[in-house]
């Protein structure tokens, strides 16, 4: 994967600052709306075996994302960042089944599976900083998700705030196209 262009780096910096500066009350309301739409989305697609991620307090869905998902699906896989830039996946049982991993992000304790597990799931919930209306997402710049999702046909849903879906998002050929965007207004099929 190529080194991010200066445009992408500065764009990410702006997006991260915007997320950090979002009003706490507004953020809470947006996250509640996203979680409500996500529940409906998973029910509509009968998605009971999913992969997702542990969101931090600035990301769509917020810190309640994993507990909310765990309450409504049968199986929840969460990413484990490996040293070689590859994601593996561990099964989430409860908050006690997480440990602090690479980058300080909570990750499931072993055992782990490689990304081939994604082919067996009903839906993959994906993080991102921004999205182009054509379906491409912009992540944090490490390429983990672009590598993990390459060649995977399982439906993908990017959780995003509506103001982060923009036509000026710089994209590259390796950026994986999402199946759906889900924001505070609902689901958008791309």
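Cβ atoms are placed via backbone N, Cα and C, with glycine included.
According to TrEMBL, the ATP binding site annotation covers 8, 9, 10, 11, 12, 137, 138, 139, 140, 141, 142, 143, 144, 145. Residues within less than 8 Å, Cβ to Cβ, of residue 8 (ATP binding site) and separated from it by at least 6 positions along the same chain comprise 138, 141, 170.
Residue 54 (substrate binding site) counts 18 other C-beta atoms within 10 Å of its own C-beta, drawing on all protein chains shown. Taken from TrEMBL, the feature substrate binding site applies to 54, 59.
Most Cβ neighbours within 10 Å, among the binding-site residues 12, 140: 12 holds that distinction in the structure as shown. Rounded to a whole number, the C-alpha distance linking residue 12 (ATP binding site) with residue 59 (substrate binding site) is 13 angstrom. The Cβ of residue 144 (ATP binding site) has 20 other Cβ atoms within 10 Å, all protein chains considered.
Note on proximity: among 10, 140, 142, 144, the binding-site residues of the record, the Cα nearest residue 59 (substrate binding site) is that of 140. Just so you know, the Cβ of residue 142 (ATP binding site) picks up 14 other Cβ atoms within 10 Å once every protein chain is counted.
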